[in-house]
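Chemist: For reference, the structure I am asking about is given below.
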C-alpha cells in the first residue's frame, strides 16, 4: 500500500494558509530539534523539585521528599491511564495547543506549591503531574510512522535523559542564588516558558509522513475503543510481555533519576550541580546512537528483533556493572552511574523508538505508538508508585545501595524472560502456515460427519472437483445469523491459519487440504478449466459479493478502479449484467488494454477519468467499485457519481489514511457507501454460476501466465513478483 495521506490543511496542522517547513532533507533535523526542545522544556516543569532535599519536614517517619515524589508520580500515573484514550483519539490539529495548555496547568500547580505551606502543598505536585503525563504521547504523534522514526524518537528520548540532569542543575543553581526550595520548581518552569512556546511552534510545522513512509511503516490512524480492543486481543501475550518489562525498567530508572543525589552519596561521591548534567549527557549520547541506528534497518521484523537484543544488552550491562562494583569496591561513582543509566535507558528507549513502532509496521495493524506507549507507561508508573509506598521511610547510604542493587537484579531476570516471549510473538501472519486460498480440489475422502451435499444442493462424491469458501463459520453467532458468515466470531480462514502438529493442512499450497466444519463447498463441472475455476474461492466470489451489494447493474454506468484479478472479473460481470458503460481505471496501460477484452467500454489512466465522464454524460456514474485500495483514487473518483449513486469499497484490506467524503454531499446527493470484505455461500454460488455461463466468453484462461509444480514453489513466487502475469498457477 503506497498511498499518501490525504488530509485537509486544518487536519494536517491545525491552521489554514500557514506554510509548512519544506519536507526535504532538512525536515528531520527540524523535527528532532522541535521534539527535543519541547520535551526538554516540559521536564523543567516536572523534575527540578527532586534537586531539593526537603529535610525540614517529616511525616510519621516518612521523608517529605519521598511523599512529594510519590504524590507527583501518582498524578503522572493517572495521566498515563487517561492518556490511553486521550492521546490515541487526539486529532492532529489539536496536539500543539493541547501541549501548551497541559504544561501551563502544570506551572500553575507549581506556583501554588510555593504559596501553600508544607505539608499541605504536596497535593499541588499531584496536580502538577496530572497534565504533564500526556505531553510525551502528543509530541510522539508528530514523529511516528516514518522511515526515520527511530532516529527522531531517539532524539526525543535523549531530551528527557539530558533534561533530567540539566533541570536539576538549574534548580540547584537557583537555590544557591537564594530561591527557596518551595519556590524553586515554579521559578525553573518560568525560565523555560519562552523556549517552550518557540519549540511547540516549530513542532507544528513538521510535515506529515510521505507516501514512502506510509508504504514502509503503515498509516497511523486515530484509534477508537474498538480498534484499541482489537489490537490488544490480537497480540495480548506479546504486549503483556513488553509492558511487564517496561514496568520493571520504569521502576528502576525512576529510582535512579528521582534519588540520584542519594545514590551519589551512597557511592561515596556526593554530586556537584554540574555532575548530574555531565553523567546524563554520556548516557543520552550512547542511548541515542544505539537506538537511533535502528532507522537504518529497512526490514521491520529484523529491526524489531534487533531492538529486543538491544534491550537484553542493556540488562547485561546493568548486571555486569553491579557485579564489577562488588569485586572492585574502588570503582568510581561516575562510571557506575553512567553505565547503570546506559543499561537501563537502552531498553527503556528501545520501547519508545523501535519495539512498538516496528510491531505496527510489520503487522500492519490499526494502531498508534502513542496508544501502546501510554498503555505501558500507565502500568509503569503504577508500579513505581507501589514501590515508593512499600518502601516506607527512605533508606540511606549502604542500605539504599543494596535496595537499588536488588531491584536491578529482579528487573533484569524477569525482563529477560519477557524478551524471550516477545521473540516468538508479533508475527505478520501466523507461522508456520500453509498459504493459498484460491483453490480447486478433488474429493478423496469424506469424514464421518461430513455433508454429502454442496451449497447448491448437488450430491457430492469421491472424485468430484470442488471449490470452497474462504471462511469456515460456526453458523450460530450473531454475524452468521445476520448473513455475514465471513465475519464469524469463530471463523477460520483457509491459507491464514497457523500450522500445528496434526492440524497443518488448511491451505492451497499443499498436496492435500482438510476442510473444516462449517465450510461452504460447491461442485464445479469438469468442463471448467483450472485457470478459470481457481480464482472462484477468492476473486470471483468477492466480486459477486460486491455486485450483490451494489444492486442491479442493467443499463447502469459503472466505474471500476484497479485492473487486477478482481477488477478484470468485475468488468466481465458488469458486461454480462448489461451495464451501459463500463469505465476501467488503472495507471498500468497494459492492464487497461486487457480490460477491453473483458467488456470494458473505456479504459483510461486516472488523469483521464474526468474527460471520459464529460464525454459519456456529465451526470456521472451510477456505481463506483474500488478494487485498488488506493485512497487517492477513490478521493478523485467519488465526486463523479451521479445523484443516487453507490460506492462499493473492496480493495482497502489494509489500514490506510481516512477517506474524505463530506457528509453534506452524501446527504444531499443520496449517495450510498458500502464496504465488502470476503463473501458468503450465496456469493460463491453466484460466482460459480457466472463462470459456468460466461467463463468461456472472456479470456480468463489467459490471466494465468504459467503453471509450476508444488516443489518449484520458490520459483513460482519469484515469477509472481515480476508482475508479468495477473496470476501464477501451482499444481501439487
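A Cβ is built for glycine as well, from the same backbone N, Cα and C atoms used for every other residue.
Those TrEMBL annotations? Automatic predictions, nothing curated.
Computed from a predicted structure; not experimentally measured.
Reproduced below are the annotations present in TrEMBL:
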DOMAIN    427-525  domain 'Alcohol dehydrogenase-like N-terminal'
DOMAIN    566-692  domain 'Alcohol dehydrogenase-like C-terminal'
TRANSMEM  26-45  transmembrane segment
TRANSMEM  96-116  transmembrane segment
TRANSMEM  123-143  transmembrane segment
TRANSMEM  182-203  transmembrane segment
TRANSMEM  236-255  transmembrane segment
TRANSMEM  275-294  transmembrane segment
TRANSMEM  306-328  transmembrane segment
TRANSMEM  334-356  transmembrane segment
TRANSMEM  368-389  transmembrane segment
TRANSMEM  401-423  transmembrane segment
TRANSMEM  558-579  transmembrane segment
Chemist: Examine the transmembrane segment (123-143) against the transmembrane segment (26-45) and state whether at least 3 Cβ pairs sit under 8 A, considering only residue pairs 6 or more apart.
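Modeler: They do touch: at least three Cβ pairs between the two stretches lie under 8 Å.
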Chemist: For the transmembrane segment (401-423) against the transmembrane segment (236-255), do we get 3 or more Cβ-Cβ pairs below 8 Å once near-sequence pairs (under 6 apart) are dropped?
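Modeler: Yes, these stretches are in contact.
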Chemist: Could you tell me whether the transmembrane segment (334-356) and the transmembrane segment (275-294) are in contact, taking contact to mean 3+ Cβ pairs under 8 Å with a sequence separation of 6 or more?
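Modeler: Contact between the transmembrane segment (334-356) and the transmembrane segment (275-294): present, because at least 3 Cβ pairs are under 8 Å.
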Chemist: Quick check on the domain 'Alcohol dehydrogenase-like N-terminal' (427-525): DSSP residue counts for helix, strand, coil, in that order please.
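Modeler: Here the numbers are 7 helix, 19 strand, 73 coil.
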Chemist: From the DSSP assignment alone, can you count helix, strand and coil residues within the domain 'Alcohol dehydrogenase-like C-terminal' (566-692)?
Modeler: 60 helix, 27 strand, 40 coil
Chemist: What residues in the same chain, six or more past the boundaries of the transmembrane segment (334-356), come closer than 8 Å to it by Cβ-Cβ distance?
Modeler: 140, 149-150, 153-154, 156-157, 161, 242, 245-246, 249-250, 252-253, 256, 260, 263-264, 267, 269, 275, 278-280, 282-284, 286-288, 290-292, 294, 303-304, 306-308, 310-311, 313-318, 320-322, 325, 369, 372-373, 376, 408, 415, 422
Chemist: Please indicate, using numbers and ranges, the residues of the same chain that are 6 or more beyond the transmembrane segment (26-45) and have a C-beta under 8 Å from a C-beta there.
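Modeler: Long-range Cβ neighbours of the transmembrane segment (26-45): 99, 103, 106-107, 110, 128, 132, 135-136, 139, 142-143, 148, 151-152, 155-156, 158-160, 162-164, 166-167, 170, 185, 188-189, 191-192, 195-196, 198-200, 202-203, 205-207.
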Chemist: Across the domain 'Alcohol dehydrogenase-like N-terminal' (427-525), what is the average pLDDT of the model, as a whole number?
Modeler: 88
